[in-house]
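As annotated by TrEMBL, transmembrane segment applies to B:21-42, B:48-68, B:80-104, B:124-150, B:162-183, B:249-275, B:287-310, B:322-342, B:401-419, B:450-475, B:487-510, B:522-539 (among others).
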């Protein structure tokens, strides 16, 4: 294993009953890169995320993360080693404030114990103070300065997305999994989010694995792209290489027999945009 | 409004929705018949609210007619129409109840419903001849219905004080014995002479209480409105308010037994024990979201360990001092709590409730079993548990034990409050809200859940320890499933996750029924009705925590902010 590989999956399979959601997935993610996972609906992208973060146990195969084998370990232990994620449908703690969401994210890096909290020891107070300062810093980093006391549910959609990323970053990950961070956004918000993702990579120094639907974003952001279809990897490489790959075009557009040539060309144009 | 009255009474009366009004009248009449048939009415008639004028039974009947008027009067229809429907449906409800009185004798209904006897028939005819009784009842129904209809049209700022004043008057009448004990032999004796006579409120007393309560409530409503407006302008202002609330509840809890004597002390001691248990279960259910119906198991462990370690009984292992035995009992409960948590770690939601219920029952069954008889005394229990003492000063009376419980509750409350805002409290919140996300953020589910069970069990163990001392004995029959249900119910009624809510819930659900012992047979009926009403009209509880309130109102789609896509939409 090369020293700059942060995550490696080796022939990972995941079956749900008879359905093969993932078969023999090999992924290699290079440290400090932005790696995109694309594919049509139902291709197994989110399943891949769930398996990598051990939310779902893989049926077979190996997963290595920062030199440790993580398939079969508990999700919270994966988080301890340095992996965090966001969700396709935002899963914030909707009824508490923005800052409390981030504080939950910092759980791993706080040292206060329950008995320390009961007696409100100086160490606990210092720990909480530090946590609060850090949370405020993170809020500022995701452009939510001054909104820490707003109930998460009442934040605008884009802010909720960024808050979810801030919560993930609060766990100080080395690898951040972002599941469709631009879903449901308008073009303006999307370009803001793209800048933001770059900023996260560059300033926090975290590797990013991204699920994305929109080609424009994938092409602009990714260092490397992996294409999934029916749970299988059908292509991998630089964005440009993947873009022209016939298998990819077929997966996205069908075999072409039922699609008129004009429509296919139009769709290809979108893909290339 | 007066113009509408002058303008066209005939037109508006004609627009009464007769079918609906009849239906409502009959429905509430049916409620009255039910109350009579199950015997509640007869029992309530034994109790005066205002001596010589109004019994609790007639009060309840009046309330039924009033509700009939209230729900059949519709605001959109105009005052006269509403008044007409109110009168009509109230009268019909009255008629329904009177007719029951008339048919009791001729159809010998007593053979079916034992409570439907001649005495009840008499009371339904108001002690008059059958026909005139029916007419008077009809009139009463109509008047109450009219009042109900008018109430519908009074603004909330007046209606709420009216309702509060009525409630206070009824309470003053119902608990006259207690209140008289508190008032007599003190500086307040003149007040007692003014409003009470031997058996209850006098008519003038009732009037005074009502008017005073009304005025105070009127002022209170105004103040709270102004404060609510000020709080709305400034977010997050209610934390101070809940602290004042907490303080006031505490003050009441400290002062009550001083005025009430030993009987009140006894009741309050029980209330205090339930507050303690509520604080513990609140950690599990309110904070960590673990529905636990086996909570009584920890209570039992605390009680038995204390008894085994201190009693002057052949079954006892040691004869320790209470203050040594209590921490051991608490520790034993924690151990049991953690052991108890292990098998149900992977179980969520409804299944968890059932699984924990089973575990709680196992504790009780084990205690009564023949196998444990040589150790725990089986159904005969362990007796002669000595009372504790502080510096040679014995805590023997219920009131003294009550203060012990109060101190313990305070400590428990402080612990719960500190934990809520701590790292562990946040982890619990995360687990309650979304277990998968919590785990993905590095929260160890097993550790957090076991801590919730263990810490929750500690409070129950402490309560059990004091319980053993209170009864001076422990029997397995004290540790029924219903204790767990009571604790859960008091948390729900008080407001999940809220510490003042635990105190209020315990006072309402444990204290009130104890004071109304004579209605004991119907205790669970009232309980059920109260819970249903609670869930319908105030699901967040009497004194909800902020977070819970938000959760519930979000679930019902009442977001304060318009059209913000919620995280859970998908």
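Cβ atoms here come from the backbone N, Cα and C positions, even for glycine.
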Checklist entry - Under 8 Å, at least three CB pairs between the transmembrane segment (B:80-104) and the transmembrane segment (B:21-42) (pairs 6 or more apart)? => result yes
Checklist outcome for this item: Checking B:124-150, B:249-275, B:450-475, B:487-510 against the transmembrane segment (B:522-539) for Cβ pairs under 8 Å, the most are found for B:487-510
Next on the checklist: How about long-range neighbours of the transmembrane segment (B:450-475): same chain, 6 or more residues beyond its ends, C-beta under 8 Å?
Outcome noted: 269, 273-274, 276-277, 279-284, 287-288, 290, 292, 295-296, 298-307, 311, 322, 325-326, 329-334, 336-338, 340-342, 345, 379-388, 395, 398, 401, 404-405, 408, 412, 415, 419, 424, 428
Item to check | Beyond the flanks of the transmembrane segment (B:487-510) by at least 6 residues, Cβ under 8 Å | outcome: 242, 245-246, 249-250, 253, 270-272, 274-275, 277-279, 281-282, 285-287, 291-293, 295-296, 409, 413, 416-417, 420, 527, 530-531, 534, 540-545, 547-548
Checklist outcome for this item: Other same-chain positions with a Cβ less than 8 Å from the transmembrane segment (B:322-342) and lying at least 6 residues past its termini are 294, 297-299, 301-303, 305-306, 309-310, 356, 359, 363, 386-389, 449-450, 452-458, 460-462, 464-465, 469
Next on the checklist: Are the transmembrane segment (B:249-275) and the transmembrane segment (B:287-310) close enough to be called in contact, which here means at least 3 C-beta pairs under 8 A that are separated by 6 or more residues?
Outcome noted: no
Checklist entry - Cβ under 8 Å to the transmembrane segment (B:124-150), counting only same-chain residues 6 or more beyond its ends: which ones? => result 25, 36, 62-63, 65-73, 82-83, 85-95, 97-102, 104
